[in-house]
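Novice: Questions regarding the structure given below will be posed in turn.
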Amino acid sequence: MKRSASDSPLLFDIPLAPDFSEEKRLLARGLKHIVGIDEAGRGPLAGPVVAAAVVLDIDNLPNGLDDSKRLTAVKREALYETILEKAITVSVASLSARSIDASDIRKAALEAMRRASVGLTLQPCHALIDGRDVPPGLPCPGSALVKGDQRSVSIAAASIVAKVTRDRMMIRAGAAHPPYGLEIHAGYATVKHRAAIETTGPVPGIHRYTFAPIKGRYSV
C-alpha cells in the first residue's frame, strides 16, 4: 500500500516503507552496482555534516530499512550494524563546522556526499541520491530522488549509516563540551542549546558561525 499524492505535496507516490523499485529499474538496464547516498546534519547549529554511500547486496538485504528519522535510536543502531555486515561496500565522509562556514551547508553536504561516493571499494554503476541535487564529481551517473530515504532501500540504508555516525560524533563532542548538551540534541537548536550559547558563547570548530542565532553576533 502506498500513500497517494493527495496525502503529500509531492507529485508521486511514496511507499509506506522504502522498497527496491528504484534499484530494480536500474538493474533491468544492466546496471549492476547501485549506490544509495544520503547525508545527516544539514540543520544543526553545531557539528559536521556527514554523508554515507551504501551499495547493498540484492540477495542479502537487511530487514526493516526505513528513513532514519522514522526509526528509534535503538533501531537505528541495530540496523547500522546489520548494514555494515550485509552491504557490499559502505563509505562515510564528513565536513566540519569550519568547512560549512567557509562554504555553505548545501555545498558542504554535496561535497560530503561526493567524498563518500569516491571512498567506496568498488566502482558503482549508478547513484541514487536523497534530495533534489546530484553532487558534482560523482564516480558514476546519478539520480536525485525527493524523499529518497522513504522510497529507496539503498538511500534509507545510507541515511541510517550517516545518522548513526553523526550521532556518535556528537556524543563525543558533548563529552568534550558539557554545557551544551550536544550528546542529547546532536547540535540542533533546542532551548537548552540556545541558552548555553547565550551563557557561554559558541565553540570554534564545533559551532557553525554562519547559522542563526550565532551569525552576526559572534566571530571566531
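Cβ from N, Cα, C; glycine included.
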Novice: Kindly point out which candidate in D130, D133, D167 is recorded by Swiss-Prot as part of the divalent metal cation site with D38, E39.
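Specialist: For the divalent metal cation site that includes D38, E39, Swiss-Prot also lists D130.
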Novice: Note the Cβ centroid of D38, E39, D130, the recorded divalent metal cation site, then list each other residue of that chain whose Cβ lies within 8 Å of it, in sequence.
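Specialist: Output for this site, in sequence order: I37, A40, A51, A52, A109, M113, I129, G131, G148, D149, I155, A158, S159, A162.
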Novice: Quick one: give me the count of other CB atoms within 10 A of the CB of D130 (divalent metal cation binding site).
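Specialist: The answer is 27 other Cβ atoms.
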Novice: What is the average pLDDT across the domain 'RNase H type-2' (32-220)?
Specialist: 97
Novice: Which residue, of the binding-site residues D38, E39, has its CB surrounded by the fewest other CB atoms within 10 A?
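Specialist: Looking at the binding-site residues D38, E39, the Cβ with the fewest others within 10 Å is that of E39.
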